[in-house]
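For reference, the structure is listed below as structure tokens.
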Amino acid sequence: MNVPRETIAAIATAQGRGGVGIVRVSGPLAGKTAQAITGRMPKPRFAHYGPFADESGQVLDEGIALYFPGPNSFTGEDVLELQGHGGPIVLDMLLQRCLQLGSRLARPGEFSERAFLNDKLDLAQAEAIADLIEASSAQAARNALRSLQGVFSQRVDNLTEKLISLRIYVEAAIDFPEEEIDFLADGHVLGMLDDVRAELSTVLREAGQGALLRDGMTVVIAGRPNAGKSSLLNALAGREAAIVTEIAGTTRDVLREHIHIDGMPLHVVDTAGLRDTQDQVEMIGVQRALKAIGEADRILLVVDATAPEAADPFALWPEFLEQRPDPAKVTLIRNKADLSGDSIALQTSADGHVTISLSARSGGEGLELLREHLKACMGYEQTSESSFSARRRHLEALRHASDSLEHGRAQLTLAGAGELLAEDLRQAQQALGEITGAFSSDDLLGRIFSSFCIGK
């Protein structure tokens, strides 16, 4: 793939002062720049220590020059790295010297973009570079590294290859009707289709776990008024983020707190108490609470363990059952264990539902059980060598592919329509291609790489 022949340069290390700072150059002028600044042509892939000089020969700094001729470099072009002292003034003088020699200032993410355009890495791998830099936990960093090494891309490529094989079979049968292949009676197409759907479902589930580790899990605290929801928010946040009183309906709007548990990002949402009310303001709060419940990754249903209705908490608010997307996303919190006499404990029922008895206000007893549970929900220390990082756009593409395959299967089994199945298979393949960049618009590429750091 052709890329612009301009030479680009940027400071590749973080802003501020440090022991070492790096100026990176990529493009056809990288070798000329190296020779002009160091006074000699560096031997490829060897570290050369010496002075860095300006146009008059005055020394700007001393450091190490590394030269990588293309295509054996990160970007696939000639690349020069000048590693000097990490002061911002020194680095800026060195960068200005590179620009003076014909380079232009790189856009954010342009080095990674050129690596993608030169087939040095695919789009998912390029995004993994940014994810690795921005990782907020060791687990997220490990997942990002696996994506950078191609684990996620390989899973997508395997799915794509199976789709291509299926498309070849289906479209050949359509193009050569004299063969009289009956898709349903044959059974081969349906078997292949179900195999791809099952594998795609597994990848989607694993990608969802990777996205939680990267972006953070949205945890909604829901329940009746005065169940202790705001107290639980404050306990998790470690500060008085929400007003707590004995008056029912104190919380009338959605409150959001961003917290970390052992480096794992969580977006905790406190909501208005769920009850019938004639108060217009509180009614709006209840509606917003139900909306937040529908969008949550995990729901903490808080009940007052001292209340009689605590024995059947899911019957407290029928609309809650209608609103929650998946019962498996709900964790029951029996609060006020210090008053009810409940033992501080985490229990898992036969059907997998988790109940935690704790006290949000009495020294936060049981809070550590909740923290460990939330970490487990995010996949903390539960990953394997096949785990990888993923982004929301990856999940959207995987869901689009899954929906297309589901629709195609319906077309095949209900109408025997091979032509319509072929179109659904094409759309599924295109959706998967958007993940790795096999099918990507210029606008999409621009949005992705512009979110990177300058110098990456």
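Keep in mind that glycine also has a Cβ here, set from the backbone N, Cα and C atoms.
What Swiss-Prot says about this one:
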- Arg24, Glu81, Lys120, Lys456: (6S)-5-formyl-5,6,7,8-tetrahydrofolate binding site (BINDING)
- 226-231, 245-251, 270-273, 335-338, 359-361: GTP binding site (BINDING)
- Asn226, Thr245, Ile247, Thr250: K(+) binding site (BINDING)
- Ser230, Thr251: Mg(2+) binding site (BINDING)
- 216-379: domain 'TrmE-type G' (DOMAIN)
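The binding-site residues close to Ala272 (GTP binding site), defined as a CA atom within 10 A of its CA, are Ser230 out of Arg24, Glu81, Lys120, Ser230. Over the domain 'TrmE-type G' (216-379) the predicted model carries a mean pLDDT of 77. Working note on the binding-site residues Lys120, Lys336: by count of other C-beta atoms within 10 Å of each C-beta, Lys336 ranks first.
With respect to their backbone Cα atoms, Asn226 (GTP binding site) and Lys120 ((6S)-5-formyl-5,6,7,8-tetrahydrofolate binding site) stand 57 Å from each other. Here the Cβ of Lys229 (GTP binding site) has 31 other Cβ atoms within 10 Å, regardless of which shown protein chain they belong to. The two recorded residues, Ser230 (Mg(2+) binding site) and Ser359 (GTP binding site), have Cα atoms 12 Å apart. Look at the Cβ of each of the binding-site residues Asn226, Ser230 and count the other Cβ atoms within 10 Å; the largest number goes with Ser230. Taking the Cα atom of each, Lys336 (GTP binding site) and Arg24 ((6S)-5-formyl-5,6,7,8-tetrahydrofolate binding site) are about 58 angstrom apart. Mapped onto three states, the DSSP output places Ser359 (GTP binding site) in coil. Here the CA atom of Lys229 (GTP binding site) lies 51 Å from the CA atom of Arg24 ((6S)-5-formyl-5,6,7,8-tetrahydrofolate binding site). Between the CA atoms of Glu81 ((6S)-5-formyl-5,6,7,8-tetrahydrofolate binding site) and Lys229 (GTP binding site) there is a gap of 53 Å. DSSP classifies Arg24 ((6S)-5-formyl-5,6,7,8-tetrahydrofolate binding site) as strand under the three-state reduction.
Here Ser359 (GTP binding site) is positioned 54 angstrom away from Lys120 ((6S)-5-formyl-5,6,7,8-tetrahydrofolate binding site), judged by their C-alpha atoms. Cβ-based neighbour count (10 Å, all protein chains) for Arg24 ((6S)-5-formyl-5,6,7,8-tetrahydrofolate binding site) stands at 26. For Ser359 (GTP binding site), the same-chain residues that are 6 or more apart in sequence and have a Cβ closer than 8 Å to its Cβ are Asn335, Lys336, Ala337, Asp338, Leu339, Ile344, Glu365, Gly366.
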